[in-house]
Every structure is written in C-alpha cells, then in structure tokens.
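Participant: Quick one: this structure, given as structure tokens, is what I'll be asking you about.
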Amino acid sequence: MAPNIRKHHPLLKMINNSLIDLPTPSNISAWWNFGSLLGICLITQILTGLLLAAHYTADTTLAFSSVAHTCRNVQYGWLIRNLHANGASFFFICIYLHIGRGFYYGSYLFKETWNTGVTLLLTLMATAFVGYVLPWGQMSFWGATVITNLFSAIPYIGQTLVEWAWGGFSVDNPTLTRFFALHFLLPFMIAGLTLIHLTFLHESGSNNPLGIVSNSDKIPFHPYFSLKDILGFAIMLLLLTTLALFSPNLLGDPENFTPANPLVTPPHIKPEWYFLFAYAILRSIPNKLGGVLALAASVLILFLTPFLHKSKQRTMTFRPLSQLLFWLLVANLLILTWVGSQPVEHPFIIIGQMASITYFIIILVLFPMTSALENKMLNY
C-alpha cells in the first residue's frame, strides 16, 4: 500500500500531528476554543495591519493625515482600519478568557506552556501599546508620553533609558518611527512564540475540565474539534464585523480624533479598556516607583501561579470555595477596569486602592489558604 502523504511528508506530518490526528480529550468544553480564536485574531491582525502599513506614513507631520486618507480614499480603508482597531479588543477579550480558563482549570501546571503563554501576553501588551501611538492623535501622544515616562522611575538609569527610548527629550518623530518598526516586528515574534507555546502544549497534551489524566479516552482533533473551532471562528468574526460596521468607535477615545498637540494635555489621560485594570493598580499607589512595581507585578504575578497551587485537585470543578474566590477575583478585575476609566478623585481613589490590595491578597494569600483548607476537608 502507498504511504499516506499526510503522515509521511516532512512538513505535512507536522501539520497532521498538530491539527488532524492530534489525540484530544473527549470532554473539553467551549472554554478550550479560545486558543484557536487567538490564532485567528493574530492572522486577522497581521493581514489588516499589513494592508494599513501600505498606506501609513510614520512621520509626525503626516501620520494623522495618512490614517484619515486611508479611511477616506483607500478602497475599504475605513473597514480595514475598523477591523484592525476592534480586532485588538477581541484579541484581548480572547486572551483574558483563555488565561481565566487556564487559571480555573489548573492548566498552569504545564509550567512551560503557561510561562510561554504569559510571555505571549506581555508581547501582545507591548504590541498594542506601540500600535495605539501610531495614529498620532491626542491620546496616542499623551498615552505614549505617560507610559514611557514610567521608566524614568527606575533608579539611576531611568532618565537615560527614557531619553534613549524616545530618541530625544520628548515623544517626537524618532519615537513614532521606532514605534512603527516595533509594531511591525512584534506580531511576528508573537507568531514565533505561539509555535513554541503549541510545541510545549503538544508535549503533554491538553488539560480537561476534570483535571484528570485522559489518555484512556482521546479522540482525533479532526473532525470533532476542527468543526467546533470553526463554529467559534464564525461567532467571533460575526461579533467583530458587527462591532466594526455598526459602532466602530465604541471602544475608542474621542480625544484621538484630535491630532497630537504637545501643548495641550487632555483632561483625562487613560489607555484603551484592556489596560485599565493595570492602569488602576498603577494609579492607586501615590509613589512613582511603587506604582511602576505594582503595575509590573499585576501581570508578572501570573508567573507565580504554578508555585501557589497547593490543592490536591488540579481544577476548581469540585472546589466550591476556590470557585467563589475565582469569581471574586473576576469581579475585582472588573471593578479595577471601571475605576481605571474614572478621574482621580474621591471616591474612586479609595475604591482603586482597596481593589488593588484585594487583587494581590486573593492571588497570593487567599487561594493557597483556601486550597489547604479544601485539602483538609477531603479527609472528613
């Protein structure tokens, strides 16, 4: 019998082993759809981004006009831009749900997969930040100024580092040029890291909602999960096009319709919605270096989760106390997101400070304690 090309060709067999004949737990739920959705987000962003880059000019005098030109004069330029801008929001929705799934079901115990995933999140955040600067509107300029300025809080080398990053003494033309270069480069780094992420995942195989070894009950990825994934793609792309066509500016800041002006500061400088939780934590500490450290810790704490797992069970499926704590954490993050969008005044300051403290306490103290308590309860 002739050998099956799908199983023997050097390139096709890699695709076959990751997308066709991959043994998959039979009981994974829709929460396992978000990995492939993130892949679709990445492909969509790279394609729309490439088309936008073809019409964009990375120069302070022309950037804003070039984006306006794309929307007015390029065939479907308005659609490409709206898909790209809102695609970023969907990327973050999917990655936050994907991380939440990993946290709930103990997927972080695959340490290499988890750590490459957190690295992917950091790279995505960097990409979104430099991308937001490119249209060179008011919020682009002032957002870039405020966030890059945080590096000056680093002792001794801070100021030198910031001026080196800016390419001058303020955010200006050199900054915009290098941010464009970085925004073009980083998505390909994300694509490379994604392959590493998948390589580590396929070493161990997928986790499942029960958190138990599922080797005795695996089914092929295709057709079962390929079909399930396509349904996910359809739903997400439908939501994305609906947002991009009906209210493309819903999640944007009106300040960005005004060209960047270094002489006029917007009344409320705030990042896009997906950074608001971290921004709220940054603002809740009345010290520059302290705020920067808390901001970094709010995301880097994810690297610690494998070491904070004290439970005898992997997932939270049969751990009601941990479930309660998990949803408290979700609610806490929503409160932080809301506070981050509000002005710095009473009562938002104290709410932000309480929510920031609670965020760290839940992850660092309450989760391990609750796990230990649940272990004790298993004995009775």
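Each residue, glycine too, has its Cβ placed from N, Cα and C.
Since we're looking at a predicted model, the values are computed, not measured.
So Swiss-Prot says this about it:
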type	residues	note
TRANSMEM	34-54	transmembrane segment
TRANSMEM	78-99	transmembrane segment
BINDING	H84, H183	heme b b562 binding site
BINDING	H98, H197	heme b b566 binding site
TRANSMEM	114-134	transmembrane segment
TRANSMEM	179-199	transmembrane segment
BINDING	H202	ubiquinone binding site
TRANSMEM	227-247	transmembrane segment
TRANSMEM	289-309	transmembrane segment
TRANSMEM	321-341	transmembrane segment
TRANSMEM	348-368	transmembrane segment
Participant: Which one is it: of the binding-site residues H84, H98, H183, whose Cα lies the shortest distance from the Cα of H202 (ubiquinone binding site)?
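Facilitator: So, spelling it out, the nearest of the binding-site residues is H98.
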Participant: Using Cα coordinates, what distance in whole Å links H197 (heme b b566 binding site) and H183 (heme b b562 binding site)?
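Facilitator: Taking the Cα atoms only, H197 (heme b b566 binding site) lies 21 Å from H183 (heme b b562 binding site).
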Participant: What stretch of 78-99, 114-134, 179-199, 321-341 shows the most Cβ pairs under 8 Å to the transmembrane segment (34-54)?
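Facilitator: Answer is 78-99, with the largest number of Cβ pairs below 8 Å.
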Participant: What residues elsewhere in the chain lie close to the transmembrane segment (114-134), defined as a C-beta under 8 angstroms and at least 6 residues from its ends?
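Facilitator: Hits for the transmembrane segment (114-134): 56, 58, 63, 67, 88, 91-92, 95, 98-99, 102, 107-108, 140-141, 143-144, 147, 171, 175-176, 179-180, 182-183, 186-187, 189-190, 193-194, 196-197, 200, 271-272, 274-275, 299-300, 302-303, 305-306.
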Participant: Taking only the Cα atoms, work out how far H98 (heme b b566 binding site) lies from H84 (heme b b562 binding site), in Å, as a whole number.
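Facilitator: Cα-Cα, rounded: 21 Å.
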Participant: With a 10 Å radius around each C-beta, find which of these binding-site residues (H84, H98, H183, H197, H202) has the fewest other C-beta atoms nearby.
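Facilitator: Checked H84, H98, H183, H197, H202; of these binding-site residues, fewest Cβ neighbours within 10 Å: H202.
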Participant: Same chain only, please: residues at least 6 beyond the ends of the transmembrane segment (227-247) with a C-beta under 8 Å from a C-beta of the stretch. Say none if there are none.
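Facilitator: Long-range Cβ neighbours of the transmembrane segment (227-247): 30, 33-34, 36-37, 40-41, 44, 79, 82-83, 85-87, 89-90, 94.
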Participant: Helix, strand or coil at H183 (heme b b562 binding site), per DSSP?
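Facilitator: The three-state answer is helix.
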Participant: Using DSSP reduced to three states, classify H98 (heme b b566 binding site) as helix, strand or coil.
Facilitator: helix
Participant: Cβ under 8 Å, sequence separation of at least 6 from the ends of the transmembrane segment (321-341): give me the contacting residues as numbers and ranges.
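Facilitator: Residues 100, 103-104, 270-271, 273, 275-281, 283, 311, 348, 351-352, 355-356, 358-359, 362-363, 366-367, 370-371, 373-374 contact the transmembrane segment (321-341) from elsewhere in the chain.
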